[in-house]
């Protein structure tokens, strides 16, 4: 079973005694910086010249400085810019400002796991990753609660890296809910697999295949959209609240019987075998290399895929149907 840590296991004074730089001010960056500040931590935000986030961070009472200056001032540096640019930011603005005893923190392990960033031997390398979007992390913190986090140490130069990670997690409210100890390898590989095989890739492909099966059989696209995409939220919400058991308790017996007898015909042994291939490509670095090559090569295929899906009948049908739904905010 996983090791869990709570408020009583973490010493907030450790992070309160450090100088923290949060690099980036997106979804997670703003939640980390504001919550650490409110926990009595000395925080500055590091942003590149011309960042649109600068005004927002300053309006919220945070000190904003260039990334290199933030890294030079701080002894705990949390990198929360997008994965594909982390190595560039590290090489340009952070690497030469690291001192022995400093700590390099990440919210996701990709760049460490695949060696795109190679920290010096004298610094701690840690991860603190809330299992929820930044706005939820911040809201829960403000309400006196927290979002569960995972924490890991890749390099313990000081001998106190995990205690520092727990202290950081406490500063953003994570230990109120619970912190699970993991490794950079486990977090990275399971996160990428979940995104690709289930949450994003698997779900999107399943929805499209179901929609196409119905429309190709002559059913109206609008009806197919409701049955294969719109109602997915109802099911996922039930699973989120109480697992498969609550979902099955809440649906009709007809739907539940169909679940048992038809689900295995859709997700077959062949599907699971393909999932294992996907996992192997994540484990051996193939996916990470291909993604970085695609990103730094100009995102040609990425943009082609994006354009194709935006023109799919599923998307054009949904865009029109959502106009009928006053409770759905198209701008959100």
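Every residue gets a Cβ built from N, Cα and C, even glycine.
As written in Swiss-Prot, here are the features:
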| type | residues | note |
| --- | --- | --- |
| ACT_SITE | 108 | active site |
| BINDING | 25, 26, 27, 28, 51, 53, 83, 84, 85, 86, 134 | NADP(+) binding site |
| BINDING | 191, 227, 231 | Mg(2+) 2 binding site |
| BINDING | 191, 195 | Mg(2+) 1 binding site |
| BINDING | 252 | substrate binding site |
| DOMAIN | 2-182 | domain 'KARI N-terminal Rossmann' |
| DOMAIN | 183-328 | domain 'KARI C-terminal knotted' |
Distance check against residue 191 (Mg(2+) 2 binding site) for the recorded positions 25, 27, 51, 85, 108, 134, keeping those with Cα within 10 Å: 108
Cβ neighbour count (within 10 Å, all chains shown) around residue 25 (NADP(+) binding site): 27
Local backbone state of residue 227 (Mg(2+) 2 binding site), from DSSP in three classes: helix
Assigned element (helix, strand, coil) containing residue 51 (NADP(+) binding site), judged by DSSP: coil
Largest CA-to-CA spread of NADP(+) binders 25, 26, 27, 28, 51, 53, 83, 84, 85, 86, 134, angstrom: 20
Least buried by Cβ count (within 10 Å) of the binding-site residues 191, 231: 231
Candidates 85, 134, 195 (binding-site residues) - the one closest to residue 231 (Mg(2+) 2 binding site) by CA: 195
Among 83, 195, 227, the most crowded of the binding-site residues [Cβ within 10 Å]: 83
Fewest Cβ neighbours within 10 Å, where candidates are the binding-site residues 27, 51, 252: 252
For residue 134 (NADP(+) binding site), the three-state class that DSSP assigns: helix
Where residue 195 (Mg(2+) 1 binding site) falls in three-state DSSP terms: helix
Helix-strand-coil residue split for the domain 'KARI C-terminal knotted' (183-328), DSSP-based: 124 helix, 0 strand, 22 coil
Spatial separation of residue 108 (active site) from residue 51 (NADP(+) binding site) - C-alpha basis, Å: 22
